[in-house]
Amino acid sequence: MKGQQEEQLVPPPAYKPTVVAKDTAKDSHAKEKPLGEGRLAVLRQELMVFLGNSGVLGSGMVVSMPAVTLNQLHDETQPFWLNKDESSWFASIQNMACPLGGLLVSYFLDRIGRKHTILLTNLIGLIGWILLVTSFMHSDRDMIYYQMLLGRCFGGIMIGMFVSPVGVYSAEISLPKIRGRLILGTSLGLASGILLMYCLGYFIRHNIQLIFGISCCYQLAATLLVFPMPESPSWLLTRGKEERARKSLRYFRGLPKKEVDYVPEFEAELAHMKELADASNTTAAGESLSQMIHRPEVYKPVLMMTTFFGFQQACGVVVIIVYAVQIAQQAGVTIDPVLVAVLLGVARIITTLFMSGIFEKWGRKPSGIFSATGMGACMLLLAGGNWFPDTLGTLHWLPVACIVAHIVFSTMGMLTLPFFMISEVFPQRARGSASGIAIFFGMILAFIMLKIYPNMEAALGTANLFAFYAGISFLAAVFIGAFVPETRGRTLEELEERWQTGKFSRRLTIVNLKDVELHEVFLKK
């Protein structure tokens, strides 16, 4: 009996369509694209992922909002202004609420589905912006401040919830070849929101209410855009909704709604997904959350991703996003610091657009190592400008170049990879709970780093703080090289097997040119 139970936990062979050469002598290079990689299928997948990530853009606006509003809120000539302690709470309190968002998403993602979790996340963010835009309706100063903090808390919950659901949705509707660029849409949405907020701050210097109002209108639009999204077929199958799952998968594979012809490749993929869903349900029914966490395919990626998020926060990536204007001033930038923030946003967007190709060409691990090493070098140069004012300090262009380069390097790995990989490394039955746990602990450290940044800057000094971030970045490079697996080109089932056995299976694809049939033989290393 024990052997039978263990046998049920081993995932079935991964379904992975491959390109098949046509049986023709005239055109030996002609190829057929697998189902799901055709033009219509990819367009549909990209469109639905874009709609889901429209709310992630709102999260980026929440993250970067203090960078463009704190200077206004520090103006003591205004009727409402914040002191140093109040402003540190205003800038960091959303990260105190982020862990709650991680716990909520771990609960809702597997229970109400990917689509409705995305919708709920948008609604929570909308409440946050409404609280911010209406806070100045109070005449009492303390009421204004407390309502602004409450609005920031709702925004933080939205950030914590948006880390994984759109990425999980993207991974489940796509094939391995295009999965990377779809998952990267979350990072692109976050970067776009940060840039949009920086632009609002650049053009609107003395009207915080207008910035809040524009952000609120955008969040409402993002919420409405979720409704046309089909639910993930994988999740529908786990809930026994086979007919809806069939329609959803046909949509994402570029097939017409009416089933006119029998498509063997579609039927094979649907049957494989159903087999995985049944195996997942069987396993989940026989174990509690605590039992599930003790399995190597769950606790190993949870520990890896939690540590990865920890390094991401401790190396100063999010601190620079939130305090971009203030850090630019402290680094000795001579141009408009808000313009520097805009340049950072543009650099992040441009780099993110190329990240899909970089991740697929280099792989996840080399990109992460290169990213962390480059960030460390930039931070050391910034510190050197303060340590050696008569040499490096005379190069007035150096601070801007280092800050922009730091953003480029971070986008190439440390900022994007944890959000990217959290949608890949967890098994289906634990994807919601496990990703929520990793996000929970990662966001706790994010809050701590943001809250203590002003105190660290005052205690260590600007140069030594930059050196601290450099040291953490170099340690992150070592961690990625030693513990982060390469997920490029792997199916979600192959990744689960890697955590179970400690190695990937070797896949041999046999192509029968006469019958154009595919067979996959999995050989254990």
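Note that Cβ sites are derived from N, Cα and C of the backbone, with glycine treated the same way.
According to TrEMBL, the region 'Disordered' annotation covers 1-31. The feature transmembrane segment is assigned by TrEMBL to 47-69, 89-109, 118-137, 149-170, 182-204, 210-229, 302-325, 337-356, 368-388, 394-422, 434-453, 465-484. Per TrEMBL, the feature domain 'Major facilitator superfamily (MFS) profile' maps to 48-488.
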Exercise. Does the chain bring the transmembrane segment (210-229) near the transmembrane segment (118-137), so that three or more CB pairs sit under 8 Å (pairs 6 or more apart in sequence)?
Worked result: yes
Problem set entry | Whether the transmembrane segment (47-69) meets the transmembrane segment (149-170): three or more C-beta pairs under 8 angstroms | yes
Exercise. Is the transmembrane segment (394-422) in contact with the transmembrane segment (465-484), using three or more Cβ pairs under 8 angstroms as the rule and ignoring pairs under 6 apart in sequence?
Worked result: yes
Exercise. Are the transmembrane segment (337-356) and the transmembrane segment (368-388) close, by which I mean at least 3 Cβ pairs under 8 Å that are 6+ residues apart in sequence?
Worked result: no
For this session: Determine which residues of the chain contact the transmembrane segment (302-325) at the Cβ level, with the cut-off under 8 Å and only residues 6 or more beyond its ends counted.
Result: 63-64, 66-68, 70-71, 91-92, 95, 194, 198, 201, 293, 337-338, 340-341, 344, 372, 375-376, 379, 403, 406-407, 410, 414-415, 417-418, 421-422, 425-426, 434-435, 437-439, 441-443, 445-446, 449-450, 453, 469, 472-473, 475-476, 479-480, 483-485
Problem set entry | Same-chain residues at least 6 beyond the ends of the transmembrane segment (434-453) whose Cβ lies under 8 Å from its Cβ atoms | 88-89, 91-93, 95-96, 98-99, 101-107, 109, 159-160, 163-164, 168, 293, 298, 301-302, 305-306, 308-310, 312-314, 316, 318-319, 322-323, 418, 422-423, 426-427
Exercise. Given the transmembrane segment (89-109), which of the listed stretches 118-137, 182-204, 368-388 has the most Cβ pairs that are under 8 Å apart from it?
Worked result: 118-137
Exercise. Hey, does the transmembrane segment (118-137) touch the transmembrane segment (394-422), meaning at least 3 C-beta pairs closer than 8 angstroms, sequence gap 6 or more?
Worked result: no
